[in-house]
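As recorded in TrEMBL, the features of this protein are as follows:
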type	residues	note
TRANSMEM	7-28	transmembrane segment
TRANSMEM	102-121	transmembrane segment
TRANSMEM	153-171	transmembrane segment
TRANSMEM	183-200	transmembrane segment
TRANSMEM	206-223	transmembrane segment
TRANSMEM	235-255	transmembrane segment
DOMAIN	290-353	domain 'MIR'
DOMAIN	364-421	domain 'MIR'
TRANSMEM	570-591	transmembrane segment
TRANSMEM	603-621	transmembrane segment
TRANSMEM	656-676	transmembrane segment
Amino acid sequence: MSAMLQLPLVVTAQVDLVLVLVSLLALWTRLSRLSYPNAVVFDEVYYGQFVSFYMKRVFFIDDNGPPLGHMILALGAYLGGFDGNFVWNRIRAEYPSSVSVWSLRVLPSLCGALCVPLVYLLTLELRFSHLSALGAAVLLLLENSLIVQSRFMLLESVLIFLVLLAFFSYLRFHNAPTSSWFRYIWLLLSGVSCAAAVGVKYMGLFSYLLLLGVAFLHAWNLIGDQFVSHVMYSVLVVVCLLVVPVLLYVFWFYLHLSLLNRSGPHDQLMSSAFQASLQGGLSRITQGQPLEVAYGSQVTLRSSASQLIPCWLHSHKENYPVRYENGRGSSHQQQVTCYPFKDVNNWWIIKHPGRQELVVDTPPRPVRHGDVIQLVHAMTSRFLNSHDVAAPMSPHAQEVSGYVDFNVSMPAQNLWKVDISNREAESEVWKTILSEVRLVHVNTSAVLKLSGVSLPDWGFRQLEVVAEKLFKAHGSSLGWNVEEHRYGTSQEPKEREAELHCPTHIDVDRKISFWAKFLELQWKMLTVKQEESEHKYSSAPLEWITMETNIAYWLHATTNAQIHLIGNPVSWGVANLSLLAYQLLAAVYMLRRRRGFKDLPDAVWDQFVCLGCVCVGGWLVNFVPFLLMEKTLFLYHYLPALCYLYLLSPCDTPPCAVCVCVSAVLLSVFLSYRTFCPLTYGSPELSANQLRELRWRDTWDILDRRH
């Protein structure tokens, strides 16, 4: 034993002091005085409401991105003891003393700070010098816009950190010796980072696809390498970069839906089944409803059409006008519409065509797929009807009405076939909430659908319901599902009207699976877009490159203290020049190599190509998509793309001019950073003249109050 332990025990470690220094400076620039200002700043209004929802476990949808980013912000708030009781209704609203502003902002700020050492390490993994790595880190460190975006409860810094971590981990894996199994830990970390980046913002998907492309090229180049087990390598790459990210992406939503189990303001965007799975809201109405729809059931039928406002099949005593505004005639029968509010006129009774009773038998006789039924309006006793009369607003479709016998040779056509599109193989029974039903008109084979067109004043601006041939109709507007349901027991109209307010409760355990909720939520996030209005500080992508725009994040109520999202003009220019220089060099090198001249050795050429794939490719995939988007865009959308150019900039510098050029450029970057610091941190307060001197471009909106 004594021979094995020899004293003293010595541990030798190598510490990159430059890396430590830039890390400490990054923490200082991002985390110092983090609680200032003690007020809501720009998009904290937007993200803050979601944080409050998490604290109260209230369901919501953000159509701008997946839930992981919101959960990260909510984690910071939770650690700071935030209870969600703050109204995020306006910029500059003061945070009360009970809210820990530091904890709300610390996680994005920490991610923003860690981006600086990550860029340093990533440059080294691209096989460039420590001096180039230092240059890239300093450009990121002194970028005013990145500092501003990191210091508040916003998500760009989190996204940038995760994307950089994904590329660093992958390159660390790629550069490691092939004999080392430990390198696959880096590959796994890369996949986890990709999943997290996509889980924070959908823009992370483009960087993820770029990384997959780089990995594919590397895998292709390994073909023929006898020292690599191709099967094992391929399997591990697929598992780490494809399977793990997909599973984790689903897991983010599992956490999201597990946490948010209470009814909230966005419930109406979801299906009845989804709403009924949440505590409160619709579940309070539907809890204990009969599961199987039977003859005699009293139901409300909600349209499954994909739209922001839900609506229910509705009728009332008013008839269609004899003639419409264009002179075209109608049946003058009772109006049938789709009404976007809960109302007693939304109730219908499922009737068997061969029986007169409007009550449920004992035992109930369920309605099945393929059955022919009649629908009786509960309040007026009119039958749901359609016929060969043009609809009021959609003349290519048939009118739907409550049948009135005017004795004018227009017989009733009130039979409807039940078509359950999502029926289970073992059961074809029409089920409350769960079944998606199409009602096919027996006489004409037209399908009951919501046209989506608003009726004129005579129809009280309610939505038009028509019957349309199946080959013409769109699938999204054909479905209906039973939302509220009770077993009717009263035959007389007056007794039935009173019964509508006293539902029968039969305890039924009705749950929707996680996968059904996950798929529905995915579809809603991708297809349902909130209405966007033009914003004062919105901008076009081409304006970002030349920094023609800025955003006023915060302005003190009485002084000139203010915070703006403005980039560092010098480093911004360096980034643009480096992009242009790389493209010119790449064009020249490729033309010369085409002619047989190799200005760069093969190893250096591979390094140059890898730099372009990661940096230029990263800029392209994070910038070009915005040129195709029809949504309100802001300057901060450009920051992920900009970070790739900061990686590229020092690596583009010719070796013969490294010391002189890097020193001069970094000094200019620092001076520019210092100049705009008052607008980055909101202090010290500047005079009106000083603020005007900082308006380097006429398009910048820098505010001043003259004293």
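Cβ from N, Cα, C; glycine included.
Bear in mind that TrEMBL entries carry predicted annotations, made automatically and left uncurated.
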Quiz item: Mean pLDDT, the domain 'MIR' (290-353)?
Solution: 88
Quiz item: Can you tell me how the residues of the domain 'MIR' (290-353) break down into helix, strand and coil by DSSP?
Solution: 3 helix, 30 strand, 31 coil
Exercise. Please indicate, using numbers and ranges, the residues of the same chain that are 6 or more beyond the transmembrane segment (102-121) and have a C-beta under 8 Å from a C-beta there.
Key: 18-19, 22-23, 25-27, 29-31, 34-35, 44, 48, 51, 72-73, 75-77, 79-82, 133-134, 136-137, 140-141, 146-147, 149-155, 157-158, 160-162, 164-165, 168, 643, 646-647
Quiz item: In terms of Cβ proximity under 8 Å, which residues at least six beyond the ends of the transmembrane segment (235-255) contact it?
Solution: 66-68, 71, 184, 187-188, 190-192, 194-196, 198-199, 208, 211-212, 215, 219, 514, 518, 521-522
Quiz item: So are the transmembrane segment (603-621) and the transmembrane segment (206-223) touching or not, going by 3+ C-beta pairs under 8 A with a sequence gap of 6 or more?
Solution: yes
Quiz item: Do we see three or more Cβ pairs under 8 Å linking the transmembrane segment (153-171) and the transmembrane segment (570-591), pairs being at least 6 apart in sequence?
Solution: no
Quiz item: Would you call the transmembrane segment (183-200) and the transmembrane segment (206-223) in contact, using three or more Cβ pairs under 8 Å, pairs 6 or more apart in sequence?
Solution: yes
Quiz item: Residues sitting near the transmembrane segment (7-28): Cβ under 8 Å, six or more positions beyond its termini, same chain?
Solution: 112-117, 120-121, 130, 133-134, 137-138, 141
